[in-house]
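According to TrEMBL, the features are:
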- Gly19, Val20, Gly21, Lys22, Gly23, Thr24, Arg151, Val160, Tyr161, Ser224: GTP binding site (BINDING)
- Ser41, Arg46, Ser67, Leu68, Val69, Gly114, Phe115, Pro116, Arg117, Gln121, Arg184, Arg195: AMP binding site (BINDING)
- 151-186: domain 'Adenylate kinase active site lid' (DOMAIN)
- 40-69: region 'NMPbind' (REGION)
- 150-187: region 'LID' (REGION)
Amino acid sequence: MATKEFKRAARIILVGAPGVGKGTQAERLMKRFPQLSAVSSGDLLRNAVRNKTPLGQEAESHMQSGSLVPDDMILRLILSELKSKSWIPPSTSLTDAGPALPSSSPTASFILDGFPRTSPQASKLDSLIPINLVVSLITPVNIILGRIANRWVHAPSGRVYNTGFNKPRVEGRDDVTGEALTKREDDGEETWKARLKKFEETSEPLLEHYERQGVLWRVEGNSSDEISPKLFGEFESRFC
């Protein structure tokens, strides 16, 4: 696959129902556009806890008590990451009156994963850094359910197989280690429907928030292979 160069910074959020293929699209976008990086709020949080940073210790105390990590704490993690890469000024703080003036360099391009999930979180992120494209990935529910029913994983490595289009060489076994494949705990139909209901409740106001800002773009398809070329074309027209 030929790679493409950005001419300006892309600050991206991908939104879609569980199982729609956000991870697949993010990986493909980063291969196609090498200046694009992933910033995962979940990874930042896990790393901070593992490294016992002051923020990580604070977050861990919330997690151990069974409460959610506050939005401001997640924003501070994101802020620290963006500063460390020199993508926003080092003096930027959550108490600033307006968003930071981000770097316009194409190398300051990222896909933000895991945050925001709600409209209030998006408003808080707006005060930190302006997002310039939000992609709503849409695949029919029956297609996603079929995809999930056929999905098997190698838990230690995270490798994912699908008996419909990405079969393991030996049924029920990981291609690399030969170890047994398993189902994800959250891949049951009822579990997925509960997650979908929660997603729909929070995503509608989130998408409306970004539509008002003029940065929302919707793309629909029955498979990742159908969606990816449309995504590439939109990114090229906006950023290349």
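Using N, Cα and C of the backbone, Cβ positions are placed for all residues, glycine too.
Just so you know, TrEMBL annotations are computer predictions that nobody has curated.
For Arg151 (GTP binding site), the same-chain residues lying six or more positions away in sequence with a CB closer than 8 A to its CB are Gly19, Val160, Tyr161, Asn162, Lys183, Arg184, Asp187. Counting only residues at least six positions away in the same chain, the Cβ atoms of Leu45, Ala59, His62, Met63 sit under 8 Å from the Cβ of Val69 (AMP binding site). Of all the binding-site residues listed here (Ser41, Ser67), the one with the fewest other CB atoms within 10 A of its own CB is Ser67. Comparing Ser41 (AMP binding site) with Gly21 (GTP binding site), their Cα atoms are 18 Å apart once rounded.
On its own chain, Arg117 (AMP binding site) has Thr202, Ser203, Leu206 as residues at least 6 apart in sequence with a Cβ closer than 8 Å to its own Cβ. Residues Gly19, Val20, Gly21, Lys22, Gly23, Thr24, Arg151, Val160, Tyr161, Ser224, recorded as contacting GTP, have a largest CA-CA distance of 16 Å. When Cβ atoms from all protein chains are considered, those within 10 Å of Arg184 (AMP binding site) total 14, not counting its own. Here the Cβ of Tyr161 (GTP binding site) has 21 other Cβ atoms within 10 Å, regardless of which shown protein chain they belong to. Regional average pLDDT for the region 'NMPbind' (40-69) in the model is 89.
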